[in-house]
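K.L.:
I'd like to ask some things about the structure below.
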Amino acid sequence: MAKKHKVEPIGGPPSDVELLKVESNYLRGSLVGSLSNRITGGLPELDNRLLKFHGSYMQDDRDYRNEREKQKLEPSYQFMLRVVTPGGVSTPEQWLVMDELADKYGSGSLRITTRQAFQLHGVLKWNLKETIQDINHALLTTLAACGDVSRNVMCNPNPYQSEIHSEIYHWAQQLTTHLAPKTPAYHEIWLDGEKVVDSLEQEEAATKEVEPIYGPVYLPRKFKIGIAVPPSNDVDVYSQDLGYIAIVEKGKLVGFNVSVGGGMGMTHGDNQTYPQLARVIGFCTPDQILDIAEKTVTIQRDYGNRSVRKYARFKYTIDRHGLDWFVDELHDRLGWELEPAREFKFDHTGDRYGWIKGKDGKWNVNLYIQSGRIADTDTLKLKTALREIAKIHTGDFRMTANQNLVIANITGQKKAKINALLKEYGISEGSNLSALRRSALSCVALPTCGLAMAEAERYLPTLIDKLEPILEDAGLREEEINIRMTGCPNGCARPALGEIAFIGKSPGKYNMYMGAGFSGDRLSKLYRENIGEEEIIDTLKPIINRFATERGQGEHFGDFVVRTGYVKPVLSGTDFHS
Amino acid sequence: MQLKVTNSPFTEEQAELFNRLLPTLSPAQIQWLGGYLAFYSAGASSAAGSETSVAIEAVSAVQEAPAAAVIEAPKDATILFGSQTGNSQRLAGKLAEKLKGQGVQVTLSSMNQFKTNNLKKAGHVFVLVSTHGEGDPPDNALTFYEFLHGKRAPRLEETKFSVLSLGDTSYEFFCKTGQDFDKRLEELGAQRIVDRADCDVDFDETASAWIASVAGALSSSAGATAAPASAAASAASVSLDGESEYSRVNPFKAEVLENLNLNGRGSDRETRHLELSLEGSGLTYEPGDCVGIYPQNDPALVERIIEELKWNPEEPVAAGKSGETVSLRNALEHRYEITVLTKPLLEKAVAYSGNEKLAELVKPDNKEQLKAYINGRDLLDLLRDYAPWTIAPKDIADLLRKLPPRLYSIASSYSAHPEEVHLTIRKVQYEAHDRERNGVCSVQASERLEPGDKLSIFIQQNPNFKPPVNPETPVIMIGPGTGVAPFRAFLEEREELGVTGKSWLFYGDRHFVTDFLYQTDWQRMLKDGVLTNLDVAFSRDTKEKVYVQHRMLEKAKELYQWLEEGAHVYVCGDEKHMAHDVHAALLTVIQQQGGKDSEAAAAYLAELQEQGRYQRDVY
């Protein structure tokens, strides 16, 4: 098959990180030495970059950075550890290990990320190794939870179609395993794995490709994969570099539509960066998805921008060369072609809370977890409650893309007990909360995230407190509106897909976006720049009131603000700034 | 220039002796030697002949001797001091000065540098020594103490002596070392010419009187020119001040420039970093020196004491023995010690208490009960436990000790921070006997001291804790907790002077994140090469508690190598546990790495100590 589109990979001198990766000898760098340096709790910048591939990066408590500097103390360096949990699934045993590690080495809380992974904060450098060992003993890993590789593969936790879930989850696991880095560095550094010393093996190693998919320089940037099961688009499949949309016919999974080139991150003030929606390019059968993922990754490996990191995501590679080029290149590498895409329909991105009985007769309960933060507070012992449940639970736990938690596969026998525990600890299924709060998503931001320019997790609940009376007065308490907030434009809480979204600019100031599609198929648009709480309320109040009175039948907030002209619709990221 | 037979008037043997000696001399020694030789050639005396380390004193004494006194055989006095913080040493210097003024030929030496075979030749021996911990001699008195109490001690029938001992009545073994020397010298046949004086923490008056008595005894026994002054009159004339206008007895009011907590949020400790201004004081200091602070008692505690006795806080009372009068409140806040009980205090208090149980408690039979009672209690406890009281405000001058200054190792180099001095003060606060107890000075620094306030301070030199003279000499510094303070001074000084020798710091505390005192200073010094090695141990971060001595043992090989290269070892901080553990670790290192048995290792370390290569500032 002749190539229709001949393109050259974008040139330019490689960025510092690219050089670092080359010199790191498959992610080793000088990590071992830096980790054992007792004089600083931190790592040099280059090792910190490498550490990301191992699932961790250095942070510090930014609230006290200046105070500590005065005290002649270095910043209180601590490490975030992210655990790869494909589809957000873990066993009760694994849950208990994570729960214990949060207290033993972390800051006492666990976080469900927007990509269905566990996150521990506040781990000290000297405790990293033991923490990672304990995680691995629980048959989990932190390898490739961050870094320029394929990240935790997302999939719908789907308690409704229980028979589909196991298949989908299987593929999420397969994708994760297939795309995991193969370097023995992780094993060597954290798990006391022995280096390859035998000369014969060394010879063999020299001829054998250490990273058959990634090669020695890995990807130009992170790479995200998600699997959606319509009608739910909870994984925000259009925000993924590579998406699979399950096609279920007559109750059977027949295959997936493939979507490519989505992504959320951008840089304030640089219009060449933008969030983008993935586009559906065809259909494949389940057994083809690993091959597609591998080839797509290799195309990004070969054509992604390795000179400027902020232009390196896969979406820019596709937009630079065109979708047709990509499809041709993919077909070329596959040696076969995708079938035409099949019909499907998404109707929401949020979670469905409460108790649900699966087709297999097992029970599932979807709990609301504010900002995905699993902690004990004076008023709510959420972490303790989930620990008590994990002790008796025989099914699994599923973290959702909306940072909530499904306790899944509960036997009829255990249902009453688990329900009693939930009642005892006052854990909400979300039914008592406003629909706005249930539909909220925020990233960690301050104080630990080094990128944050403003608050997110710590502030969004307060903002919602102030919006709720307005919605209440307008009779919209039960109206689901996707509201999202991030501390910076990197987009961890997928703000470009929020019907109302805030991206931090500076402490207390946000850019406000509106108009994304309720089912995640349209981007939001900048509506107000650099505004504080008072202006946010003043801006939103009349729009909400008008929405209450003028909305069409079943019309969602995002659609309404587009129809009534508050913002223009954004169907491609290239129009995001225009 | 190498001296040879060909280029000098000396014999080969003489030239070789010179060649061996001359390169080792410091500029000060060379200067002195010039004067000495001039004097020597004048043929005035052969007195200096046998003196060694103390020849300076001998010769200058003769130089200063009045012509009249030279006619008689000059008297000699050997003044030996054992000093940890420098007080005994300073007092010994004062005595030496005083006696030299009387024409006495003085030998002044620290005990461990004194050649013991000269002891028998000494006509007068004066011992000034402090006591530490559980009645222990100071570091630089140890070997001499052991010698004198051992079988090799000579009979001293021809010797006259007197002892000045320094101590603290709040400790059980008050002035024990001085008492031991006093007793032992008598046993060896020496004749006591002035009774031993035991000084409490407020030593100035007692020490001055003793110096005057000794001076008087020597001049009267000489039957020489001047009539001996009465001890009291003479005492007044003995100034214990140094060269500066400001001193222990005339402290400088230093302005607080900075007062911050070095422990990060979440720490269970609090350590203040104080920066004080010395501007206009003329005070200077060297690394290793200390600052004495006259603190203020907690006004709340003073208030409660006054309430307890239903006194009038404004009533005028004596501020001390000087005759100055201040209000009762002022006296209790600034002049008298109210946070520590001592045996003498309780004995005196019997006279003012209508409670028979107090009289019972101080009986010799109840020694253990008394010891248990005073431990951890203060004046307010005493007042509450043994009421009713017949005491009047005027009686506090009789009952209470003067509020002693608190000594802190200086944490800055004067060259790096001209006209400033930095201190590292850890807050002492704990519960005992159902009340919160506050360290007087540390809690003042923590809770009642702000930039702009003033503190009464003086500089206390510590000649026994000094960096090596030779800049190439490697230094090993072991200072966990606030013990790291003087090493900040050492290293800042090295940084200023551009010293190129190797340096190694061992530091430890509880938690890395919050308790790493001066962390960013050390990181910078490491980066710049001022500090060669830094090893740290944080005891509460790991399951197994790790302390500095463990890090020393981990680095045993390198540590021993440094010792063999001539490194000086400095230890600062807690005496009770740390200093002992570090000492043991050093012995282990020497034993293991040097292939020595325990006796040889101990001898190795003792030799380091004698050479001034193992110095400690422990408390």
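Just so you know, glycine gets a Cβ as well, placed from its N, Cα and C.
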K.L.:
The [4Fe-4S] cluster site in TrEMBL lists A:Cys443, A:Cys488, A:Cys492. Which one of A:Cys284, A:Cys449 belongs there according to the record?
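P.N.:
Only hit among A:Cys284, A:Cys449 in TrEMBL's [4Fe-4S] cluster site, alongside A:Cys443, A:Cys488, A:Cys492: A:Cys449.
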K.L.:
If you count other CB atoms within 10 A of each CB, which of A:Cys443, A:Cys449, A:Cys488, A:Cys492 wins among these binding-site residues?
P.N.:
A:Cys443
K.L.:
Taking CB atoms only, which of the binding-site residues A:Cys443, A:Cys449, A:Cys488, A:Cys492 fall under 8 A from chain B?
P.N.:
none
K.L.:
Taking the mean position of the Cβ atoms of A:Cys443, A:Cys449, A:Cys488, A:Cys492 as the [4Fe-4S] cluster site, which residues outside that list, in the same chain, have a Cβ no more than 8 Å away, listed in sequence order?
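P.N.:
For the [4Fe-4S] cluster site, the extra neighbours are A:Val444, A:Ala445, A:Leu451, A:Ala452, A:Ala456, A:Thr486, A:Gly487, A:Asn490, A:Gly491, A:Ala493.
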K.L.:
Along the domain 'Nitrite/sulphite reductase 4Fe-4S' (A:438-567), what average pLDDT does this model show?
P.N.:
95
K.L.:
Would you mind splitting the domain 'Nitrite/sulphite reductase 4Fe-4S' (A:438-567) into helix, strand and coil residue counts from DSSP?
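P.N.:
Tallied per class, the domain 'Nitrite/sulphite reductase 4Fe-4S' (A:438-567) gives 43 helix, 28 strand, 59 coil.
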